[in-house]
Amino acid sequence: MKILIVEDERALSESIVAYMKQENYVCDTAFDYQEAKEKLALFDYDCVLLDIMLPNGNGIDLLEMLKKENKMDGIIIVSAKNSLEDRIFSLNVGADDYLSKPFHLAELSARVQSIIRRRQLGGSNVIHYKTITIDMLAKSVTVKGDLIEITRTELELLLFLLMNKGKVVSKSTIAEHLSGQSAMYFDNFDVIYTHIKNLKKKLGSSGEYLKTIYATGYKLEA
Amino acid sequence: MKLLTYSTKRYLVFSVLLVVLSIPIFYIVLEKLFIRAVDDSLKHQAILLPEYTKHIKSEADIELWKNLDWDIEVNPANGIAIKQRPYTIIEHSKGAKESIQFRALEKDVRLLDRDYVITFKSSLIEKEDLVKAVLGLQIALLSFLFLGYLWINQYISKKIWKPFQGILNYLKTFELDKGIINSNTDLVIDEFRELNYSVNGLVSRVNTAYSSQKEFTENASHELQTPLAIMRVKLELLLQEEHLSESQSKLIDEINGVLTGMEQMNTSLLLLTKMDNQQYPLNEEFSASELIKEIIEELDFFIEVSQHHISYVEETNTSLLGNHQLFKQVVTNLLLNAIKYSAPGSEIRIILSSKSIEIINPGEEMPFKKEKLFERFSKKQGNSKGNSLGLAISFRIIKLHGMKLAYVYQEAHHHFAIYF
């Protein structure tokens, strides 16, 4: 899997690369408009991370250019402006997703994965992980062949951890992923703890794959 | 005290003083003038005396003269020295009760070889009448002057102070970002024109300062996003390090918590600034019922754990006009508060009617005043998390929509209501 990170802030770009590399992505970077334009013209990427505000240009122009050339790259727009208009505009122009700064790397990783999965031809809607099978269409989970009863939140939580398997995901990252906009008023992580506890219980012996890291975060074994 | 009352009072005191002082002065001056005129006439008579006396030939003539001319008294001199200057005598006539004042001038004359004293007399009764008339006239004049002053002042104050009242009303209802005073009306009075000009100058300076401050807040918030984003990802990377000790892990978690708080505060400030700058369109139409259902579903993630029972009563489905995103934030915030500040398992009621959305939850009374509830940074003691901007923002959003956010505590229940 090859991704291009178009981000002028080097510190941010480097961190994204460091995180994504651990998930076996091949990462390429571009720090300004011209560089991004050249790389996009020369190579094909599975996913492109595009910052709107770039030196010497606008990310949206690059997006429009890609769409004109019928490139199949999946695109995630990253913007410092968390405005609804920007979000709607980006999606209308043809972006696959929109992420506002500041974001969690785990969140970014999950978004990239779901875009790649959606775009892969013949991509199956069933995800296998060790003894666990998740049917994305039926929204059902089977453990060792047995269908388990799982709430919407728990499924969402399991998927999120799965997309970041082998990584420590902090409670605040999970909270923001699960609650979205309402995380703004979120200040109690006991809720996350309870959800994890319930999920573990439902997974039975397979719940052992889910590790608590010093009560600060959670990790699903790679 | 009104300016008109103030000046009228002063004028009244001044004019009373003027009248009181002027009456004796006027009286004295007038009396002096009158007496001088009478004296002059007596002296003139005295000069003409030889013309009379040359006709007197006998004692009988003297008697006749005495009887004919009432204004003259003829007495033998008897060696008494005469008074050279005119003087005033008061005579009590038997008929009239009042005494009459006379002015008299004595003159010595020799008639038929005998010395006589001739006294010329002139009644001063006319003087009293004259002084009375003049004083009456003066009082009347002063009264008319005063009434005229009052009338002109009333009239002028209503007309001339009109632009001043306009400026005053403008300042009373002044809001930032409001335009300057309408200066189409030509102002006659220089002072008011200057005042108008100064107020307009002040307003535009205030507006400039205000908008540059808003701009600064927005820019600062935007600029903060990038370093915050970098800090966040670096921390996340740090968390991935192998062989992290428990204490290191806890440190990262604590920094993460503070960072999240900072991000939220930044987001809130940005939201408030953007609201101030009217960057949110308020013309979206949406269904209140759908909005509430959407929020309940989204908060599932809390409710599943807290086991609150949400009962939603819909009296009528109401269509609202405003900003969907902002409005959703308010209802989400209110519902989250209801969940946060009520015991797990309790019932939270949401009632949608044609006039309001009401959210009711059981809970302890708040330890601070109700008025402080919607202020920025006021919070329940002991609850150190959360930046307490939530309700302040909700209040602002609802105000922006021209609606009302109200709170009451009744029978151990918190009632929050948005009135459309």
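Using the three backbone atoms N, Cα and C, a Cβ is placed for every residue, glycine included.
What TrEMBL says about a protein is an automatic prediction, not a curated fact.
Residues annotated as domain 'Response regulatory' in TrEMBL: A:2-116.
Among the features that TrEMBL reports, 4-aspartylphosphate is placed at A:D51. Counting only same-chain residues six or more apart in sequence, the Cβ atoms lying under 8 angstroms from the Cβ of A:D51 (4-aspartylphosphate) belong to A:V6, A:E7, A:D8, A:E9, A:G59, A:V78, A:S79.
Residues or ranges marked as DNA-binding region by TrEMBL: A:124-222. For the DNA-binding region (A:124-222), the DSSP-based tally of helix, strand and coil residues reads 47 helix, 25 strand, 27 coil.
Feature annotation from TrEMBL assigns domain 'OmpR/PhoB-type' to A:124-222.
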DSSP helix/strand/coil residue counts for the domain 'Response regulatory' (A:2-116): 54 helix, 29 strand, 32 coil
